[in-house]
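Colleague: According to TrEMBL, the feature active site, phosphoserine intermediate maps to SER79. Residues or ranges marked as Mn(2+) 2 binding site in TrEMBL: ASP26, SER79, ASP469, HIS470. The feature substrate binding site is assigned by TrEMBL to HIS138, ARG168, ASP169, ARG204, ARG211, ARG284, ALA285, ASP286, ARG287, LYS359. Marked as Mn(2+) 1 binding site by TrEMBL: ASP428, HIS432, HIS499. The domain 'Metalloenzyme' annotation in TrEMBL covers 18-542. The annotation domain 'BPG-independent PGAM N-terminal' is assigned in TrEMBL to 99-320.
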Amino acid sequence: MATANWTLPDHPTLPKGKTVAVVVLDGWGEASPDQYNCIHVAQTPVMDSLKNGAPEKWRLVKAHGTAVGLPSDDDMGNSEVGHNALGAGRIFAQGAKLVDAALASGKIWEDEGFNYIKESFDKGTLHLIGLLSDGGVHSRLDQVQLIVKGASERGAKRIRLHILTDGRDVLDGSSVGFIETIEKDLAQLREQGVDARIASGGGRMYVTMDRYENDWSVVKRGWDAQVLGEAPHKFQNALEAVKTLRAEPKANDQYLPPFVIVDESGKSVGPIVDGDAVVTFNFRADRMVMLAKALEFPDFDKFDRVRVPKIKYAGMLQYDGELKLPSKYLVSPPLIERTSGEYLVKNGVRTFACSETVKFGHVTFFWNGNRSGYFDETREEYVEIPSDSGITFNEQPKMKALEIAERTRDAILSGKFDQVRINLPNGDMVGHTGDIEATVVACKAADEAVKMVLDAVEQVGGIYLVTADHGNAEDMVKRNKAGQPMLDKSGSIQILTSHTLQPVPVAIGGPGLHPGVRFRSDIQTPGLANVAATVMNLHGFQAPADYETTLIEVVDK
């Protein structure tokens, strides 16, 4: 591959040297105003002023589906692909789309990862661990079905599924239908002589799927059930397990306790032991990295694993390219090189990036093209503010927005940085809890944080660009085809905890913004990937020719 020319040409009109603040409001989409639009209900004077101020400096862009590399426009966006697009300035095939292509072509069965785990099929068990859901954010049920079928056709004689129930990217309660679907497939395999069963389970937010090392006890609960075959709840089939556990007061799919499936003698049907193969089938990285570390790192010390089986382990994708974790994977990740962050740093732009733990990786790792670490530690500073742990986010909906804003304000006023880049997680993380009142508080807190950052930009004569990575808080209710809220059997509204298909705002301004700058009107369907070239322009540079076009133009005033 040819060495990149890192020198960016100067913009013909826009000057260099202005401090640029890039603010990402996580889960902040644009939807019709009603009582379920928490952004509308909340007091958000700063974002309101951006929206209702100069119309040429506020617009909407697409943040889901094909605009962020996903298979279709029925696929909701997520933080990972959103930040990839924001940072890369180009659209790369992502997650589900990569896996779909590998399954459709059959390449998945030919590559190193599958051939590696296949070595265990003759004498060992194939274990599949992941989110059983059709939400398409972390995994997809149809892909799991194809993996199970394909592995059985290629020699897997004993298969065990360790399922995690969703209720976050899909409706709460949908776990029952997903289990019924996969159980039919497993029953057919058993008729063909393949010993295929569900072995364990639990809710995604309580078992296995923690992220950014926020709460290792979540992963330990999964380890105990999946590897050791131990859990506080034991059942003879998964359908009975989920229906029983969901009947408990305040129970929901996201937080189901861990369970194991046992035989008639009470023995676990599928602990992971020496000689087995393990695949974590989520294609999204963030909530699989911690389990991958526990499965793969010999010096792992975050909890007592008790027993560490000698296995052949592969991820659906490689979850961390810098750590090479896992070392084996079924589908190769997108190669995202020449990101905007790297270009700007190599052109002298001193960069500060900050968020709290739950979104810190998004303004660093994902923004930088699935790459850990600094491009140039002499010109970059990344600050992670620890998130609350041991509670659900609706209990402290303000989260760390104020702390993020304070650190960013200080970075701006210090004069040490040419760009500050932050993520305010509130709308997304609290929105996922389904707590409407708490999400209103979360949106207000995020707006207050934006104000602190923009006030600092004002003081230094800088420029701001405020945007979001996908929708969430702007619509908290499941709707029918007519757009009306859907009700459950008891007449209560069906709360929506997932991301949405809504567009997100992009707002620009600040005293340092050239007076002739405005948003262009000739881009047919702008998306998040257009933001990178826009930010480069605001720094006084032109973007590389293969980047998605800038959102702005300069006109005579």
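Every residue, even glycine, has its Cβ placed from backbone N, Cα and C.
Keep in mind that this is a model prediction, so the values were computed, not measured.
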Colleague: Spatial neighbours of ASP169 (substrate binding site) among the recorded positions ASP26, SER79, HIS470, defined as Cα within 10 A: which are they?
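Modeller: Those near ASP169 (substrate binding site) - Cα within 10 Å - do not exist; the answer is none.
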Colleague: Can you tell me how far the Cα of ASP469 (Mn(2+) 2 binding site) sits from the Cα of ARG287 (substrate binding site), in Å?
Modeller: 18
Colleague: Compared by Cα position, which of the binding-site residues ASP26, HIS138, ARG211, ARG287, HIS432 is the closest one to SER79 (active site, phosphoserine intermediate)?
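Modeller: Out of the listed candidates, the nearest Cα belongs to ASP26.
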Colleague: Quick one: mean pLDDT on the domain 'BPG-independent PGAM N-terminal' (99-320)?
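Modeller: The average pLDDT of the model in the domain 'BPG-independent PGAM N-terminal' (99-320) works out to 96.
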Colleague: Could you give the Cα-Cα distance between ASP26 (Mn(2+) 2 binding site) and ARG287 (substrate binding site), in whole Å?
Modeller: 17
Colleague: Same chain only, sequence gap of 6 or more: which residues have a CB within under 8 Å of the CB of ARG211 (substrate binding site)?
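Modeller: The list for ARG211 (substrate binding site) reads ASP286, ARG287, VAL289, MET290, VAL358, GLY361, given in order along the sequence.
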Colleague: Can you tell which of ARG287, HIS432, HIS470 has the most other C-beta atoms within 10 Å, given these are the binding-site residues?
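Modeller: It comes out as HIS470.
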Colleague: Considering all pairs of residues in HIS138, ARG168, ASP169, ARG204, ARG211, ARG284, ALA285, ASP286, ARG287, LYS359, annotated in the record as contacting substrate, what is the maximal C-alpha distance expressed in whole angstrom?
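Modeller: The two farthest binding residues have Cα atoms 18 Å apart.
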Colleague: In sequence order, which same-chain residues at least six apart have a C-beta under 8 angstroms from ALA285 (substrate binding site)?
Modeller: GLU80, LEU317, TYR319, ASP320, ASN370
Colleague: For the Mn(2+) 2 site given as ASP26, SER79, ASP469, HIS470, which other residues of the same chain have their Cβ within 8 Å of the site's Cβ centre?
Modeller: VAL24, GLY27, ALA63, GLY77, ASN78, GLY82, HIS83, LYS359, HIS362, ASN423, ASP428, ALA468, ASN472, HIS499
